[in-house]
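Step one of this worksheet: look at the structure below.
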């Protein structure tokens, strides 16, 4: 058991050392990035390239050494693990505890492998970036040489057209600025006109809405007045018809009453003649009595209802007329 624990401590120390080395390599790699940025900002491309190549070669060597050490440690740990497993199976009773320790060691080994793979991927990316950067720097150097050659060949030819181009550019810029100001002023004018037209339209809409409401109220009041007038006209027509009917009935009644009165007045002399004829043949006393008795109804005419044949005297003409109206209604 003590031998297994000692072996575990040794393997852990070696793995921890490898982990710290990986961390140091990663730190060196990040510091190389920072140094690259600093060198790129403050040094010319030729110095940057030489320095980066030297640092890249150093990092490659360190990575190679790390891989070799890891492989050696892996082989050593595998041999020691096999031996410890053989010894544990033979002698040690605490096999489960040692298995747990071995599983932990395997997990740590896997983590270290993943970190090494990550460092290798970063190294490959850095190499690709370095190669692309070298190509870009070469292209820039080539362009710089070409531009320097052209400048040395004809400085006088390039200066005069440049001055002319600058003047033309300035004139064009001034013209475009003037056009821009004109367009901006026109836009402001149009926006003001739009606001004024919108305000006028809004006022007109409000006025028209008020007029429409007034027209609606007038129409409603006129329709109500028209309905009331129509109702009054109908009532008046009914009243006129009723009055016309009443006038007709009254005219008929008056005509019939006048006719009856005339007929009644005509009947009275016939009775007087009938009574007067026997007066000649009678004695003087009887004739005098009949004359007296007949002289009384001479002043009173008989009125007879044509429907119920009731008779009234001349003194009760109003009662006769009322009776005749009631009979006519029945």
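The backbone N, Cα and C atoms fix where each Cβ goes, glycine too.
Keep in mind the model is a prediction, meaning the values are calculated, not measured.
Feature annotation (TrEMBL): of 191-218, 219-246, the stretch labelled coiled coil is 219-246. Outside the coiled coil (219-246) by six or more residues, the chain places nothing with a CB less than 8 A from a CB of the stretch. Mapped onto DSSP helix, strand and coil, the domain 'CCHC NOA-type' (297-329) counts 16 helix, 4 strand, 13 coil.
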